[in-house]
């Protein structure tokens, strides 16, 4: 105890020293990722990992809270009166150092405090950082033991009170897991995270990490965890994610747990990403076909470099048709088509899809896979799809799902491919007349194909369509889809010079008015 009193005297004498001398130890408040070096073990200068003698603050014995707040207030007043405007920047450091020494006075672990001081004043200050935060915030966590009210309920009442808008995260120390499970408490923590200090963020990690598996399966704590990981120092969010290992599959299958896993894939390093991907791979098809876990698989494909998850892509080969027709699996198939870069795997997988492209085109889910290949697959795959669909264009244009595939073929196909496709539609009536187009124009699905076709036809094909509209105008204007096609053609004609090949010598637009 005598030695601790000497420590305080030394600090008070330092107040009268010059600013240059007061910065010898480069005093600062604890920063994100700061660690504490155990004074009882030799320091290994080569140790750089979390498995070295460097320990987290959480490993130290819990500290006794400050008992005499009057002493702190007196020290604040004394220090404030002796400081000038020129040294205001050092005031917080000075107060942190003095209050850390006061903590050492009442700490039962006197030997530890002495060793920390001999090591450096900075180590002593970092050791008591959270308690200093509490003192500097103007008090300690309110302890209202009213009948029927717990401390958490008391804190919630204080949070709801608009008078207490100045409350900080340090004021809820020791109750973070319980508060995060409450909608109001969860909202409070997320709002205060944007203005949290280093010590407060570290405090949240230390309180949440031991309960991460329980909190990750509840709605409101999940929002807190995701927000916290956005502010996380690497050393702490790696520890938090490490606590998820071994439970990635179960969490991915959970409504709220899958959101935490997705966030973990976004921010974690490659080693942890591979570890989580390996756990998903242990029951990959169950995850893909699950309404929650399929999002975790998609996020894995988005965030992990493809060369590290080849084992996942290879397992999907041979299952293209089954996955493409599944309500959740087709999303994963699209992600694989987007992110897999291995040409052999991709060629094998796309070949499986093209072998059943007609069947997939009429499927409520498989048609999206075919559309994706038409749009992003390149001219080679588009040409193969056109050839496989040839002879069924008109029939497929009348179907809800396959009509979308035909539209994409008209949008992204080459000039030659579009010409063949349009010719098949125009000649479907036997070649003598194109009046069968009337049935397509008034159809709820086929009319979309006709409207897209109008934008890509050549002059001869356009004249054929205009002739059909002219001869069947009275019938078409009775239908909403027919009026839309007529209006589209009129807009095109109004942008062109009058063409005698279309309506003879009469103005083309006047024929529609």
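Using N, Cα and C of the backbone, Cβ positions are placed for all residues, glycine too.
Bear in mind that TrEMBL entries carry predicted annotations, made automatically and left uncurated.
What TrEMBL says about this one:
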type   : residues : note
DOMAIN : 151-493  : domain 'PUM-HD'
REPEAT : 207-242  : repeat 'Pumilio'
REPEAT : 243-279  : repeat 'Pumilio'
REPEAT : 315-351  : repeat 'Pumilio'
REPEAT : 352-387  : repeat 'Pumilio'
REPEAT : 388-423  : repeat 'Pumilio'
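Within its own chain, the repeat 'Pumilio' (388-423) is flanked in space by residues 354, 357-358, 361-364, 367, 370-371, 374-375, 379, 382, 436, 440, 443, 445-446, 448-449, 452-453, 455-458, 461, which lie at least six positions past its ends and keep a Cβ under 8 Å from the stretch. Taken residue by residue, the repeat 'Pumilio' (207-242) breaks down under DSSP into 30 helix, 0 strand, 6 coil. For the repeat 'Pumilio' (243-279), the number of residues in each DSSP class (helix H, G, I; strand E, B; coil) is 26 helix, 0 strand, 11 coil.
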